[in-house]
């Protein structure tokens, strides 16, 4: 716990500094990875797009998806949905970084006093709780980003899109499905966010003081690689939940919907096989570079601005 003399940093409370630093680094890294992000979403949700008549045939992998998307829509189309993603990701990641330390303080476990296992469990719990809390505020933006990214402009459809932008997604969804349409898939999202964010933050905070020591301490490359490994593992562990929630999102505005997340799991596995739950996972691993960048850039900003005196965020 910080004492009273350490409550102000650059004239701002640590909570505010944490919020701003986390959000800025997240927005920059997500914009850089936007093309990978969209390809991942297209491959992941292609079966729902085919059922809705918005895609004429399946993609034969990440390379084929990239080739067809740029041919049909142009290079800049790889950033479609990025505006919504930045708007969504700024508060999401910023709130994650900010609230995680609040939750961590609530658990109050110390590695030297309570042991490594309990300290690590506290990190996992605080990371998961922070992610689930922030999800309540930004879920509809995640929904809108998903619909925009999967709004393919296929040659067969004459180039017509379903949505004309972020506001149009909200307008059409509210008209067809009401508020429920904006929150379809929220259940598996909560489960997925706890698994992913819990590992994303918890494992990074727990492993970092063990691995990034000696010559590796404050090393950008080592911090980046550790962050990439953590995001990759967390992403694979939670990927089936991510697939189900996004497939449920894609049914808003459609005549046929999944009855529940369990029904979605059952139907996808029965009709497409278990491997369909992992479609786009390869692109998701590449996308992990963005998440790793968030953590490592955040740590470097702490070193430059606070000389590691401030221990918010991933510190």
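Each residue, glycine too, has its Cβ placed from N, Cα and C.
Keep in mind the model is a prediction, meaning the values are calculated, not measured.
Going by Swiss-Prot, these are the annotated features:
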{"type": "TOPO_DOM", "residues": "1-13", "note": "topological domain 'Mitochondrial intermembrane'"}
{"type": "REPEAT", "residues": "13-106", "note": "repeat 'Solcar'"}
{"type": "TRANSMEM", "residues": "14-37", "note": "transmembrane segment"}
{"type": "BINDING", "residues": "30, 88, 89, 96, 196, 197", "note": "bongkrekate binding site"}
{"type": "TOPO_DOM", "residues": "38-80", "note": "topological domain 'Mitochondrial matrix'"}
{"type": "BINDING", "residues": "62, 81, 82, 83, 166, 184, 185, 260, 261, 280, 281, 282", "note": "cardiolipin binding site"}
{"type": "TRANSMEM", "residues": "81-104", "note": "transmembrane segment"}
{"type": "BINDING", "residues": "88, 245", "note": "ADP binding site"}
{"type": "TOPO_DOM", "residues": "105-115", "note": "topological domain 'Mitochondrial intermembrane'"}
{"type": "TRANSMEM", "residues": "116-145", "note": "transmembrane segment"}
{"type": "REPEAT", "residues": "118-210", "note": "repeat 'Solcar'"}
{"type": "TOPO_DOM", "residues": "146-184", "note": "topological domain 'Mitochondrial matrix'"}
{"type": "TRANSMEM", "residues": "185-213", "note": "transmembrane segment"}
{"type": "TRANSMEM", "residues": "217-242", "note": "transmembrane segment"}
{"type": "REPEAT", "residues": "218-304", "note": "repeat 'Solcar'"}
{"type": "TOPO_DOM", "residues": "243-283", "note": "topological domain 'Mitochondrial matrix'"}
{"type": "MOTIF", "residues": "245-250", "note": "motif 'Nucleotide carrier signature motif'"}
{"type": "TRANSMEM", "residues": "284-304", "note": "transmembrane segment"}
{"type": "TOPO_DOM", "residues": "305-315", "note": "topological domain 'Mitochondrial intermembrane'"}
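Counting residues of the topological domain 'Mitochondrial intermembrane' (105-115) by DSSP class, helix then strand then coil, yields 7 helix, 0 strand, 4 coil.
Taking the Cα of residue 245 (ADP binding site) as the reference point, the closest of the binding-site residues 62, 88, 185, 197, 261 is 185.
Nonlocal intrachain contacts for the topological domain 'Mitochondrial matrix' (38-80), taken as residues 6+ away from its ends with a CB within less than 8 angstroms of a stretch CB, comprise 31, 146, 148-157, 159, 162, 242-243, 246-247, 250-251, 254, 256, 268, 272, 276, 279-280, 282-284, 287. A coil conformation is recorded for residue 185 (cardiolipin binding site) in the three-state DSSP classification, outside any helix or strand. Taking Cβ pairs closer than 8 Å, the topological domain 'Mitochondrial matrix' (243-283) reaches residues 36, 39-49, 51-52, 61-62, 143, 146-147, 150, 172-173, 176-177, 181-182, 184-189, 192, 235-236 in its own chain, all 6 or more past its ends. When the Cα of residue 88 (bongkrekate binding site) is compared against those of the binding-site residues 82, 166, 185, 261, the shortest separation belongs to 82. Nearest by CA distance to residue 89 (bongkrekate binding site), out of the binding-site residues 62, 166, 185, is 166. Shown are the binding-site residues 82, 96, 261; the one with the most C-beta atoms within 10 angstroms of its own C-beta is 96. When the binding-site residues 30, 96, 196, 197 are screened for a C-alpha within 10 angstroms of the C-alpha of residue 82 (cardiolipin binding site), the residues that qualify, in sequence order, are 30.
Using a 10 Å radius centred on the Cβ of residue 166 (cardiolipin binding site) and all shown protein chains, the other Cβ atoms total 18. Take the binding-site residues 62, 281: by the count of other Cβ atoms within 10 Å of each Cβ, the lowest one is 62.
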